[in-house]
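Below: the structure, in structure tokens.
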Amino acid sequence: MLGAGRVVNAEAVALDVRPARLGSRALALALDIAVQAVLVLFLLLLSSLTLRALPPSLVDEALFDTSLRLVIVVVLIGYPAVVETVTNGRSLGKAVVGLRVIREDGGPIRARHAFTRALVGFAVEWPGLLLPLVTWVVSLGTMLGSSRGRRLGDMAAGTMVVHVRRPYSWQAVPPMPPALAGWISVADLSAIDDRLALAARQYLSRAYLLREPQRSRLAHELATEVAGRVRPAPPPGTPPDAYLAAVLAERRRRAEGSLPAARSLSEQINTTSEGTGVAIRSAAPGPGSPAG
């Protein structure tokens with residue numbers, strides 16, 4: 001069972017997302033409405049000037065009404081549909097607030113998704129031409145009742161709105177603890193995969209936000225898992241945070257040290273393959289591999 005903050009993409013990979021709720025979406029909508037209001041005024045002025053330039057015999061009340069309806073449709077349906085399609089789900093309001101529309105599987109939306117969202121919004125949400133007050137209440141209740149904050153347009157289009165900015169400021173991962181530099185320099189880190197390294201890095205980056213006892217428990221769990229893959233063991237009494245920081249710092253140092261050698265090897269292989277006509281692919285050592 002997937003949580004509200006997790007989606008599975010087409011490659012069956014689970015992605016962590018942060019669904020946008022009513023407050024942030026309302027702010028983005030208010031900004032978009034302001035933009036649409038300015039656009040309506042501009043198009044109405046342009047339409048009025050155009051109609052006044054036509055011969056009086058061709059202009060009547062029906063033509064004015066038609067031009068007004070056309071402006072409304074273009075601004076309230078065409079504008080959001082085109083903008084979200086071109087920007088991969090980011091209207092001006094969403095860009096300012098830090099939101100994006102994505103598909104339920106985490107992929108970028110297409111024109112049909114954006115058009116469906118705009119059409120449903122026009123009919124029953126904003127401005128909600130079908131029973132405005134009733135549909136507004138229904139739409140609001142739908143968003144509040146959805147675990148992902150989805151509105152009716154999202155449900156019809158198979159989309160959701162997520163945050164693309166972090167609600168907290170990242171802090172730099174602590175540097176190498178000097179007391180552990182000698183031990184970690186000869187330790188075998190090859191069994192530490194990217195998933196575990198990322199989990200440790202995220203913990204160290206967010207540790208200042210965590211409260212006890214959750215912080216100590218998470219640090220102990222991560223340090224225990226890392227310790228099962230690192231040999232030799234650290235000096236007795238090493239704090240979990242210092243242990244994780246030392247492992248990550250050394251892992252990064254080895255990865256940086258392996259880059260020049262990898263480039264040199266790649267150049268040699270490319271030179272050889274050009275002479276023989278054989279294409280050979282070389283792989284750089286993984287971040288956890290000891291520097292050769």
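Glycine is no exception: its Cβ is also placed from the backbone N, Cα and C atoms.
Annotation comment: TrEMBL describes 265-275 as compositional bias 'Polar residues'. Annotated domain 'RDD' per TrEMBL: 20-158, in sequence order. Sequence annotations record features per position, and here TrEMBL assigns region 'Disordered' to 255-292. What TrEMBL lists as transmembrane segment is 26-51, 63-82, 126-145.
Secondary structure counts, DSSP: the domain 'RDD' (20-158) has 102 helix, 6 strand, 31 coil. Proximity of distant same-chain residues to the transmembrane segment (63-82), defined by a Cβ-Cβ separation under 8 Å and at least 6 residues beyond the stretch ends, is recorded for 32, 36, 39-40, 43-44, 47, 51, 91, 111, 114-115, 117-119, 121-122, 126-127. Long-range contacts of the transmembrane segment (126-145) within its own chain (CB-CB distance under 8 A, at least 6 residues past either end) are made by residues 22, 25, 29, 33, 76, 151-152, 155.
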